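These come from TrEMBL:
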- TYR41: active site, proton acceptor (ACT_SITE)
- HIS143: active site, proton donor (ACT_SITE)
- ASN117, HIS123, ASP130, VAL144, SER145, ARG154: substrate binding site (BINDING)
- ARG36: site 'Transition state stabilizer' (SITE)
Amino acid sequence: MSHKPIAPNHRYQAQMVSRRHILLINGPNLNLLGTREPQIYGSTTLHDIEQASQTLAFSLGFRLTTFQSNHEGAIIDRIHQAAGFFPSPPSPSPSSAATTTEAGVDPEDKVSAIIINPGAYTHTSIGIRDALLGTGIPFVEVHVSNVHAREAFRHHSYLSDKAVAVICGLGPFGYSAALEFLGRHMKF
Ligand SMILES: O=C1C[C@@](O)(C(=O)O)C[C@@H](O)[C@@H]1O
């Protein structure tokens, strides 16, 4: 009785299914959602938003990491980390004065896309714009309120012209909309 030969390149290996990784960043004062100006931002807390986003991301096949900071530099560092770069520790000699390093980077930290509500930094931060452009990570800009129906200084964003999409005025649903969009339409 003859057996069919197994092709030499035919491997029975369990494939690790790695989930696409999305980073959700919320900027200054968004930790106050739920109590902050409820007539503008509603009563949903950031914790509620992050939990709902985790559930939705899982069902869409994403891994989601959430991050909130009131500090511009911390947000910039987090964007760098999402691309695999970390600020170097202070250098003892000028000859080794690199500003970033890839040493020790966990490939799992790298993300495919960022959803960002930069809060007030939307209207002021060239640094966050440059971090997003410098890393090249595609991003969706989200605002809970309709910034265009508010004060004139909120009408300009330093990010919108570089964003894959901009969502504003949908309340907390804006975060879900961003995730759904990435799940269905982004090729990465
Ligand atoms: O902090 C915020 C929140 C905001 O980004 C929003 O989600 O509607 C709008 C910004 O103008 C404001 O500074």
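Note: Cβ is positioned from N, Cα and C throughout, glycine not excepted.
Shown here: features listed in TrEMBL, placed on the structure.
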residue: ARG36; record: site 'Transition state stabilizer'; Cβ neighbours (10 Å): 15
residue: TYR41; record: active site, proton acceptor; Cβ neighbours (10 Å): 19
residue: ASN117; record: substrate binding site; Cβ neighbours (10 Å): 25
residue: HIS123; record: substrate binding site; Cβ neighbours (10 Å): 16
residue: ASP130; record: substrate binding site; Cβ neighbours (10 Å): 13
residue: HIS143; record: active site, proton donor; Cβ neighbours (10 Å): 23
residue: VAL144; record: substrate binding site; Cβ neighbours (10 Å): 25
residue: SER145; record: substrate binding site; Cβ neighbours (10 Å): 17
residue: ARG154; record: substrate binding site; Cβ neighbours (10 Å): 17
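In three-state terms derived from DSSP, TYR41 (active site, proton acceptor) belongs to a helical segment. Contact annotation for recorded positions (ARG36, TYR41, ASP130) versus ligand 1: none, no CB falling under 6 Å from a ligand atom.
Residue pair HIS123 (substrate binding site) / TYR41 (active site, proton acceptor) shows a Cα separation of 18 Å. Rounded to a whole value, the Cα-Cα separation of ARG36 (site 'Transition state stabilizer') and ARG154 (substrate binding site) is 17 Å. Checking each of the recorded positions ASN117, ASP130, HIS143 against the residue listed as 'active site, proton acceptor' by C-alpha distance, the shortest gap belongs to HIS143. In this structure, the CA atom of HIS143 (active site, proton donor) is 20 Å away from the CA atom of ASP130 (substrate binding site).
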